[in-house]
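Novice: Below is one structure. I have some questions about it.
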Ligand SMILES: Nc1ncnc2c1ncn2[C@@H]1O[C@H](COP(=O)(O)OP(=O)(O)OP(=O)(O)O)[C@@H](O)[C@H]1O
């Protein structure tokens with residue numbers, strides 16, 4: 001049986017079942033001197049008035065607003081003026097009370113008898129206005145630990161005020177929600193604001209009943225009243241501000257990220273790749289990133305290569321491993337270049353992490369480890385048709401590149417491929433040019449050369465983002481041992497890079513790999529001029545000319561003002577991502593808060609104390625949890641309002657001085673507490689758990 005519903009046994013005037021008794025026991029420890037000192041300095045009116053001003057003036061917040069209740073009811077009398085005895089001379093007073101937790105002390109105040117029972121749908125405002133008009137009624141009748149503290153069956157029957165009451169089988173409004181004009185510093189959940197209700201009624205008449213219901217604390221009484229049998233949840237939708245739009249990452253971006261996460265987390269399938277080793281050096285969980293080609297591929301290096309996603313054993317991070325089969329490192333001179341590549345970092349280059357040789361694959365292989373970019377695609381597969389995927393930089397016309405061929409054949413093939421692949425926009429091509437020249441500029445400035453700037457070695461990693469992949473492979477695999485200094489050939493390779501870039505741009509403009517074959521160059525340039533600007537043509541001509549020493553820096557003036565539009569696009573996208581990130585950062589913060597609440601609330605046992613989560617500070621947190629998550633409508637259906645949840649958790653996280661009324665599940669007691677105190681309770685309780693778990697800190 002839930003201890004909440006134990007038979008009534010007054011302890012210091014507080015019903016046992018309210019659990020506030022346990023809370024008060026802690027407060028009893030406070031010395032009487034300290035108590036009287038606290039009491040003399042206590043001025044509820046002041047604090048409430050100030051919080052009232054704050055709330056009324058500053059906010060047109062959605063939920064929850066400060067409710068009237070406590071201060072409105074008890075505003076006109078000194079908190080120390082005990083006159084409840086006048087209203088109820090019984091030794092066990094019959095007026096309802098509320099309690100307030102101030103600086104570690106719980107104060108109990110009587111509700112005015114004139115407030116009486118606020119029943120039905122009108123009860124909310126009735127109770128408030130009545131309470132506000134009853135001067136001299138809101139007085140503390142006792143202090144925690146003092147005898148004569150009130151809250152009993154009679155008081156419950158008397159109802160009203162803050163204390164939610166249940167008379168017979170009637171569901172009685174708790175009278176906690178008030179007219180905005182009578183707001184105090186105490187927060188009670190007021191339900192959906194009037195303007196939203198009106199909007200909802202206007203937009204969807206069928207939902208009006210749902211949103212007009214006042215939310216109530218979950219309570220047995222309330223639940224029993226849902227005899228209509230309608231158990232559906234009520235969702236307080238806010239059409240003007242759809243929560244899914246306002247609280248969470250945009251859908252398209254979410255799908256993108258989710259897809260990338262799925263790929264990142266993909267696990268190896270031992271059946272499809274039985275030969276893959278379980279571990280290679282510091283990496284495991286190898287997943288091939290390319291299907292085995294049916295025909296042997298033409299490579300720019302005379303070795304077979306394979307690409308895998310792998311997980312680092314120690315860090316759990318994912319990497320891309322490029323394995324060159326059957327390669328034996330002739331000497332370690334080329335490692336100078338590897339070290340230079342490892343130090344080079346650019347947003348358009350796939351970062352090289354390390355290079356090692358291994359026999360784990362059953363042969364002598366060399367493995368290049370790169371950053372893993374999920375869902376990336378080579379430009380070859382993205383922009384060139386499958387029929388065209390033989391390496392276009394060799395001759396696809398015949399096995400003999402020197403064999404003569406008719407001009408019309410080449411041109412027709414080009415036109416056919418351009419037509420079937422479709423044209424890329426000039427903006428896209430310039431975007432590619434800007435990114436690739438940016439990468440080349442950094443590589444060349446570092447004294448290196450890419451040596452692999454062809455469509456199969458440029459990755460498209462989403463949203464027009466390019467990265468040059470597989471750096472350093474050629475430097476190692478094609479290393480000429482006869483050269484004493486590996487850096488001497490770099491200027492030559494840099495010139496080759498520029499030629500490769502020219503070919504790539506031309507191929508993209510013609511959407512054909514055969515466009516870059518020597519015999520087709522003129523035709524391709526003509527075709528290109530038909531659609532694209534002369535600037536782009538001049539850029540290609542400059543890159544393909546070999547009469548001069550070219551430099552990537554000289555491409556800048558050709559790109560010109562297009563840099564600005566590229567920069568604008570990138571920054572605009574960055575702004576969007578930032579705002580999405582801000583949303584998710586807030587969600588992460590709330591998630592951490594909820595994790596803390598969940599680890600504390602209803603914890604079955606802690607340090608051999610089964611009641612740990614049910615008493616003291618933790619009890620307040622439990623009531624707060626109910627206040628945030630377990631609101632119900634008048635007829636007992638769940639009342640779901642994301643805004644209320646978010647708002648309440650934010651206040652908890654901020655530890656505001658605003659007060660909130662927390663009601664026990666049996667609706668017999670109400671605890672008035674500030675968010676600051678709740679936050680303190682949360683921190684204390686969680687710190688106890690962390691310490692007990694033997695951990696230093698959890699964020
Ligand atoms: N760093 C990386 N992160 C994620 N995926 C990658 C990475 N590098 C390559 N890939 C993916 O792995 C697959 C194979 O890449 P690879 O470079 O081997 O292309 P390829 O066309 O097969 O080249 P090659 O002709 O050299 O075999 C491609 O789909 C590519 O998108």
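Cβ from N, Cα, C; glycine included.
Computed from a predicted structure; not experimentally measured.
Got these off TrEMBL a minute ago, pasting:
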- 207-233: compositional bias 'Low complexity' (COMPBIAS)
- 322, 371, 372, 373, 374, 375, 376, 377, 378, 456, 457: ATP binding site (BINDING)
- 553-689: domain 'Pan3 C-terminal knob' (DOMAIN)
- 561-599: coiled coil (COILED)
- 600-699: region 'Knob domain' (REGION)
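Help me picture these features in the structure, burial and contacts included.
Specialist: Counting every protein chain shown, 23 other Cβ atoms lie within 10 Å of the Cβ of residue 457 (ATP binding site).
Only residues 6 or more beyond the boundaries of the coiled coil (561-599), in the same chain, are considered here, and those with a CB under 8 A from a CB of the stretch are 246-250, 253, 427, 430-431, 434, 463, 621, 624-625, 646, 649-650, 652-653, 682, 686, 689, 699.
The DSSP breakdown of the region 'Knob domain' (600-699) into helical (H, G, I), extended (E, B) and coil residues amounts to 49 helix, 17 strand, 34 coil.
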Novice: Tell me, how many other CB atoms lie within 10 A of the CB of residue 376 (ATP binding site), whichever protein chain they belong to?
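Specialist: Summing over all protein chains shown, residue 376 (ATP binding site) has 20 other Cβ atoms within 10 Å.
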Novice: So for residue 374 (ATP binding site), how many other CB atoms are inside 10 Å of its CB?
Specialist: 19
Novice: Taking the Cβ of residue 372 (ATP binding site) as centre, how many other Cβ atoms lie within 10 Å?
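Specialist: Around the Cβ of residue 372 (ATP binding site), 19 other Cβ atoms lie within 10 Å.
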Novice: Please determine which of the binding-site residues listed here (322, 378) has the lowest count of neighbouring CB atoms within 10 Å.
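Specialist: Output over binding-site residues 322, 378: least Cβ neighbours within 10 Å is 378.
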Novice: Hey, does DSSP put residue 322 (ATP binding site) in a helix, a strand, or just coil?
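Specialist: Going by the DSSP assignment, residue 322 (ATP binding site) falls within a strand, counted as strand.
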